[in-house]
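Q: Starting off with a structure, shown below.
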Amino acid sequence: MNKDKSKQKPQKKENNNNNNKNNNNNNNKTENNKTNKDFTKNKFDKDAKIDKVDNKKIFHNRSSQKRIAKLKKIELQKKPLTLKLNEIKSIEQRLIDEAPQRGTNPLANISSTTATTTTTTATKNDKEKEKEYKIDYPSATDFKDLPISQLTLKALTESKFLKLTDIQRASLPHTLCGRDILGAAKTGSGKTLSFILPILETLWRNRWGRDDGIGAIVLSPTRELAIQIFDVLKAVGKYHTFSAGLIIGGRNVQQEKDKINAMNILIATPGRLLQHMDETYGFDCSNLKILVLDEADRILDLGFSKCLNSIVENLPRERQTLLFSATQTKSIRDLARLSLQEPEYISVYEKDITTTPQNLTQTLCVIPLEMKLNMLFSFIKTHLTSKIIVFFASCKQVRFAHETFKLLNPGTTLFPLHGKMKQWTRLEVFEDFCKKKAGTLFATDIAARGLDFPAVEWVIQVDCPDDIETYIHRVGRTARNDAPGQSITILLPSEKDGMVNLMEKQKMKFEILEPNPEKLVSIDSKLSSFLSEKTDLKYLAQKSFVSYLRSVYRQSNKEIFKIQELNINEFSKSLGLLGTPNIQFGKASADSKNKSFVVSNIQKQLKDKKSKGEKDIDSSDDDDDDEERNKIGNSDDEDSEDDSDFQDDSDDDNKKVTKQQPKTNIEKLFDRKNANVMSETYQKLRTKEEDEEDDSMFVVKRRDHDLDNLDIVKRLSRKENKEKNFINDPTKLKFQESTSVPKDGKLPTSYIEKVKSEVEKGDVQDKILLKERLKRKKLKLQSKELRKQSGGGATGDDEEESVAYFVPPGEKDPYENGENDSDDESNDDDVWGQEYNSDDDDDDEESESEEQPKPITKKRTLEDHEESALKFLKKNRI
């Protein structure tokens, strides 16, 4: 224990030494604080060393602190603006310095993005190296190498747009510089980003706001393509503050009018945009910077040329115009001359590269017309897990194929898409098909342009395309973005040679396949059974039959489309029809409603030559026209009628048109040869009736039709009719013949006098009875008063007497209505309750008047009442 104490003593000494050291340190700190306090005594000493002193102790004045805080906030607010301005300056300087030369194609720059790194030796501790790209942006292959804003680049990376496609590499260097472009590229090559990026960057560099109005307009041929462009714009420009609007048909115009003036970017169809230019108040495009025409060839094909010209006239001339198309035709070049200023012609097609994707395998399937649907059903049945698009020539064919194949139930989901559908149903079908991993879409050429259907494996063209451009757009729905794809085009034997020649001119690689008809699944019998059960399907089959033949007849390329070689009867049987429908071609105009296209074209040529003063027509042309007209079976009678308008002259080579004298109605009637065709006035009446039938679709109709068949309603209606007939027609009443009237026609005076005498006697008796009743009532009242005075009262037996009073027939009681009633109703019953004896009935009236009423002492039984009633009745009968 002592040892332990000895060990503890030096520890205490050490603790004391430590405490002394701490005290010395604290003293030193207090001395330093004193010196600081002495230093800050001068409050307004600006030369003081602020870094070594606390700011709160120096600037203890609150006003100075607030001023410094405001300055810091202003600097922080200015930082993003200054950064944005610096970024805009650097991008603009780079665009000026590295702009490609006019007439060059940046796609020719083979050099990849190479960069040299330079190290900065400002300090020895800096180990990082800054990279400076010395390559020009026209040679860029990634979006990050382009002179674009960080907001756009961030959205591109999030949307997984990293590499530039060929059309983007070729067009973006020129469009970012503000040049006009006429670009041509194959479908699925990324043309949408080629004009969306310049729109966003141009408005961003100009610091565009809502008050600046409309800065860019994108015109699309179809609504679906406009919606698709709008979706890409939302994805790429989501970090920008621009307002964008979708202006298409099928939507509420008034809502668009209310919001269109607050938009910066408009994506529209030509018709709806022109409508807003004409109708919307305050619609102003004077500040427009960029105009984009996407799928310009399709816009012109749909007949929007006049609409485009009027739109371009309302836009400012100082603008940037971008025109993109899959094909460049003469009409597009004419449009480019009108709307573009010094354009750059950019095409990504090489001499050895066709306009179709490289990963696309093309097949031509030659088969008869009546085996088309069997071929299609067999193919769908064997490709249930693949995504297929099937193209038809008309809307009626799409509807018929979709309805019948649904009944056949091939085992996959089927979708229809055509121009007769409403806008939002088309949009729903488009979105549903895009989400599906497997399915079949029956569509017209409305789905052939610009629409991006993801992961489409097969494209089947049941009907031959109109031209090679339509073929390119159809097969372009597959093999997009370097993905593999396959296409099958079903051709007739008469269409094979012409289509093969067109594809060989474009240097396309394809295979020709002739399937065995015996191995195909036949659906003719099933279709005929469906049509026999459902009249709607039969109507659709007839319409699809007629629409297909009309589409073939109206084609301009007669080398491919030969209507004379079609087996119409077998084709109608393949659709399930028992007979071939009657067809009448040529309803192009009102003047030639019942004439073929050949005759109407001749009349147009005659009118044109009349206006120019040329009346001569070559006879050779007429002979050719006659041969073509004779080939069409249903137009023989019509053509014979039309030939009467032309008269032969002495010259064999030429024919002259001479004016005919007007004919009377009778002459026209006898000269008429085709009795099945109605006159123009009757056709107008038919169109009016059809319009009225269409209008009646929207009329509200009564639904409770079963009420008309109820028996109750019929009975009530009969009663009402009977009453009305009885009231309105009194002449129909028949009276019964009276037998009392003598044959001489004199009135029965003796009978009338007899009746009068009987009535007078009855009146005397009634008066006597009335007097007796009054007397009895008075006597009864007097007897009651006497009893009260004498102290007696009515016994309970008297009050409870059950009496009966019988009024003679035809006699009315004067007290029924309450007249002369007393307060006590029970007393009245006692007065009238009296016995009638047989002796009283034999007495005269005088003896009855002398008799006085006797009080009732006995209680009357039911037998007594019956006897009194019988006596009373016998007396009245006498």
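Just so you know, glycine gets a Cβ as well, placed from its N, Cα and C.
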Q: Of 294-297, 418-421, 562-565, 738-741, which range does Swiss-Prot call motif 'DEAD box'?
A: 294-297
Q: In Swiss-Prot, which of 141-169, 170-198, 489-517 is tagged motif 'Q motif'?
A: 141-169
Q: Fewest other C-beta atoms within 10 angstroms of its own C-beta: which of the binding-site residues Phe161, Lys163 fits that?
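A: Selected from the binding-site residues Phe161, Lys163 on minimum Cβ neighbours within 10 Å: Lys163.
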Q: Quick one: DSSP breakdown of the domain 'Helicase C-terminal' (372-521) into helix, strand and coil?
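A: Counting residues by DSSP class gives 62 helix, 29 strand, 59 coil.
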Q: What does DSSP assign Ala185 (ATP binding site), in three states?
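A: Where Ala185 (ATP binding site) sits, the three-state DSSP reduction gives coil.
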Q: For Lys191 (ATP binding site), which residues of its chain lie six or more apart in sequence with Cβ-Cβ distance below 8 Å?
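A: Counting only residues 6 or more apart in sequence, the Cβ neighbours of Lys191 (ATP binding site) under 8 Å are Ile167, Gly183, Ala185, Asp294, Phe324.
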Q: Within the compositional bias 'Basic and acidic residues' (860-869), how many residues are helix, strand or coil going by DSSP?
A: 8 helix, 0 strand, 2 coil
Q: Within the motif 'Q motif' (141-169), count helix residues (DSSP H, G, I), strand residues (E, B) and coil residues, in that order.
A: 16 helix, 2 strand, 11 coil
Q: Which number gives the other C-beta atoms within 10 angstroms of the C-beta of Ser189 (ATP binding site), all protein chains shown included?
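A: Looking across every protein chain shown, the total is 21.
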